[in-house]
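Trainee: Dropping the structure in here first, questions after.
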Ligand code: NAD
């Protein structure tokens, strides 16, 4: 079996965390006899510096030709003054649109070794395990008309039937393989577009009788994630609401350096850590590689339904943290503070140990 991955290390700490991710990718591929074909392309600020655009045709073509794209991070102060369409972040929006990545998946779960570090009480966060499924290519970020004048600014939140249907299906399919609950989050008491969203989600739910659907207003959802996050299994929501709720969900469970994500379309998928390019710590070999490594787990799970490979990676991270190894961003007094490369080596050792135990059997695809 072949797996073609286009690597977009990007800017700042992007290349450092991508290097960590690649080591775990290669290790996992070797275990399952997968031939990994890696191709690296410029993307973001570094692509602008060389080619005058954050996303070149060559990079886009490479992404289209691969089974998966892995992105480190893009951006930095030196590109902040560029016109909007040439900024590294504009390249990312364009890439998501061009690849049709309409579903953004952000898991919110707490490593047992990390319960103490949450900003919420231990009993509230222990065993939290839910996913925010955010619509990524529609809604108010893309709607027309939009504009700004001296005395007025405006945007449009609109959704078409097919946009709601496809993201709802993704959420129900995911919930079917999990604990069978979808909470659709909207603002249907005020917004017509949310009433439409709710109707379509209800229609789609009829095709998934084993999944229980409930609806929640977004303001209440924000409170409930902080009050009792264990009630959720899959949260299904639109682009704007998902942007905010996924950050709230991420923060109750860990630090920015530990949150993975997947963006999925009909024929393409992109995996990336949630964090940005962290220019303040770039080039120092101190970035936390866990978000990037965890995104590799999501990649194997999504592409090959290899939940076992993903579990090995997650357990390897948890074991490493339990042994008191931390990068500087998450270190507590008494922890052993490791560099990016040292942390990656420890996680790899733990992966190897897990594959060698009886409990985790390696299987070939
Ligand atoms: P950021 O996520 O880069 O950094 C915020 C803070 O978290 C910084 O103090 C940073 O040092 C720390 N941090 C982030 N990731 C870390 C890691 N893996 N290990 C240890 N510490 C980590 O957010 P920002 O400072 O607002 O943005 C910096 C640049 O990144 C901007 O240009 C922004 O536009 C861009 N950005 C890119 C993406 C992306 O590529 N997907 C996402 C968010 C921000």
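Here the Cβ of each residue, glycine as well, is placed from N, Cα and C on the backbone.
Copied straight from TrEMBL:
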type: DOMAIN; residues: 4-347; note: domain 'Isopropylmalate dehydrogenase-like'
type: BINDING; residues: 96, 106, 134, 219; note: substrate binding site
type: SITE; residues: 141; note: site 'Important for catalysis'
type: SITE; residues: 187; note: site 'Important for catalysis'
type: BINDING; residues: 219, 243, 247; note: Mg(2+) binding site
type: BINDING; residues: 276, 277, 278, 279, 280, 281, 282, 283, 284, 285, 286, 287, 288; note: NAD(+) binding site
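Have a look at these and tell me how they're positioned relative to everything else.
Mentor: If you take the C-beta of residue 219 (substrate binding site) and look for same-chain residues 6 or more apart in sequence within under 8 angstroms, you find 187. DSSP classifies residue 219 (substrate binding site) as helix under the three-state reduction.
Residue 141 (site 'Important for catalysis') carries a helical DSSP state (H, G or I). Around the Cβ of residue 141 (site 'Important for catalysis'), the same chain contributes 239, 240, each under 8 angstroms and 6 or more positions distant in sequence.
In three-state terms derived from DSSP, residue 187 (site 'Important for catalysis') belongs to neither a helical nor a strand segment and is classed as coil.
Proximity of residue 247 (Mg(2+) binding site) to non-local residues of its own chain (separation of 6 or more, Cβ distance below 8 Å) is seen for none.
For residue 284 (NAD(+) binding site), applying a Cβ distance below 8 Å and a minimum sequence separation of six or more within one chain yields no residues.
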Trainee: Under a threshold of 6 Å between Cβ and any atom of ligand 1, which of the recorded positions 106, 134, 187, 219, 247, 284 are retained?
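Mentor: The recorded positions passing the 6 Å Cβ test: none.
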Trainee: If you measure from the Cα of residue 288 (NAD(+) binding site), which of the binding-site residues 96, 106, 134 is the nearest?
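Mentor: For residue 288 (NAD(+) binding site), the spatially nearest of the binding-site residues is 106.
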Trainee: Please state how far apart, in Å and to a whole number, the two most distant Cα atoms are among 96, 106, 134, 219, the recorded substrate-binding residues.
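Mentor: Per the listed residues, the maximum Cα distance equals 27 Å.
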Trainee: Go through the binding-site residues 243, 276, 278, 282 and tell me which ones have a CA within 10 A of the CA of residue 134 (substrate binding site).
Mentor: 243
Trainee: Calculate the distance in Å between the alpha carbons (Cα) of residue 280 (NAD(+) binding site) and residue 243 (Mg(2+) binding site), and round it to a whole number.
Mentor: 24
Trainee: Quick check on the binding-site residues 278, 282, 286: which one has the highest count of other Cβ atoms within 10 Å of its Cβ?
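Mentor: The largest 10 Å Cβ neighbour count belongs to 278.
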